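Chemist: Below is a structure I'd like to ask you about.
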Amino acid sequence: MNFLRFSDLCASGQATGKRVFIRADLNVPLEASPHAALPPEGADSGLGRPGAGVATLQITEDTRIRASLPAIRMALAAGAAVMVTSHLGRPTEGLWRAEDSLAPVAARLSELLGRPVPLIADWVDGGFEVQPGQLVLLENCRLNKGEKKNSPELAAKLGRLCDIFVHDAFGTAHRAEGTTYGIAETAPLACAGPLLAAEMDAISNALGLPFAGPPQEGQHPLGGPGEARVGGTLPKRPLLAIVAGSKVSTKLTILQSLADKVDGLIVGGGIANTFMLAAGLPIGNSLAEPDLLEQARSVMAAMKARGAEVPIPTDVVVAKRFAADAEASVKAVADVAADDLILDIGPETAARLAALLESAGTIVWNGPVGVFEFDAFAGGTEAIARAIAASPAFSIAGGGDTLAAIAKYGIEPQVGYISTGGGAFLEVLEGRTLPAFEVLARRAAA
């Protein structure tokens, strides 16, 4: 599955003087504040309502805005006329509210780039000008009628606005909307921005999904013994996945998909409790899903049939109540009492899993293995995090709780790739082809 890269278009001069439309993910958290920055001079707050209450909102965390800067700077450096848009929140199409405006984002972009970033309202039908070397921010795309359902009429209008469409919002890659899919079909050229391309490359490296072209030199096109080829490049073995969370039901498809691909499937949290119960072990009063025991057994059987493993905890950290100040005690799994709550893996299990991770070739991490928000039950997740940091393996991590754990233990520099995709990352783990990947590959092949 090949796709055009915006970096290549810029390097070859194909973006110079062109109208470039960048779909970014600028969906940042906002909070009310009477001291928030005003929109840039001359900017609209949205749909022709300058400053209508927007000054009461400020950005509380700007990681996504900063992540969008490489694509924007790349386009400006190439001499393109640059348009950027994003969704923000969940507005009602056609209904403008101050809290849905990208005005605070325009102000922050202006600060980060050191240049004015005008915010354009009512932009779908054109009527605005942007010259080569200039940048404008187009108001919240989900205010446009037909955006969510990807109406053909909207897609056609979007395609006429630009010469090159750049998808750089991996967090929306699993949604077929007007500014993520429709415009990719109607724009003269459609390509992946640096952030989206990096996500696609990382996924290819981790799971062998075919986004990075043919197998690397020395790799057999169908994989060697014990190597389940998924497509594209082959992941370095052993390939280990950590899938944790409160419920098997929310990640069953991921577990089933990975059972056909990985050499080790580490489960944690409530998911591990269900697997322990399926293995005939006591879990006391712990969170589990007894109605999914057969599915858990099926995953374990699929792994065993391939000579792979789901390592079940041998010791756990338990408490009598779910609270930060609850008394924690370590028990062998066989000794878990009827009134115990399993809130973390034990030190013996953590050491065993850490050894597996430190000798892995590739690691995929989604979810903490215990209630790491409570220090008494954070040992397992910390051990996993430190083992990943120490491992020479290529690692990719995603999911909100996972990112929080990475930040808590300060291992960001040691993780190969940290995905900000949320739902898109989970859908990739489920084995789905994301709409953004599909349409970019199709356009590249045309």
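Numbers run from 1 along the shown chain.
Cβ atoms here come from the backbone N, Cα and C positions, even for glycine.
Pulled these from TrEMBL:
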{"type": "BINDING", "residues": "D25, L26, N27, R64, H87, L88, G89, R90, R142, R175", "note": "substrate binding site"}
{"type": "BINDING", "residues": "K251, E373, G399, G400, D401, T402", "note": "ATP binding site"}
Chemist: Have a look at the binding-site residues (H87, R142, K251) and report the one with the fewest Cβ neighbours inside 10 Å.
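Modeler: If we count Cβ atoms within 10 Å for the binding-site residues H87, R142, K251, the smallest count is at R142.
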Chemist: When the Cα-Cα distance from D401 (ATP binding site) is computed for each of the binding-site residues D25, H87, R142, which gives the smallest value?
Modeler: D25
Chemist: Using the centroid of the Cβ atoms of D25, L26, N27, R64, H87, L88, G89, R90, R142, R175 as reference, list every other same-chain residue with Cβ within 8 Å of it (recorded substrate site), in sequence order.
Modeler: S86, N140, T172
Chemist: From the Cα of G89 (substrate binding site) across to the Cα of E373 (ATP binding site), what is the distance in angstrom?
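Modeler: Pair distance, Cα basis, whole Å: 26 Å.
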Chemist: Roughly how many Å lie between the Cα atoms of R142 (substrate binding site) and G399 (ATP binding site), rounded to a whole value?
Modeler: 24
Chemist: Select the most exposed residue of D25, D401, where exposure means the fewest other Cβ atoms within 10 Å, treating these as the binding-site residues.
Modeler: D401
Chemist: CB neighbours of E373 (ATP binding site) within 10 A?
Modeler: 14
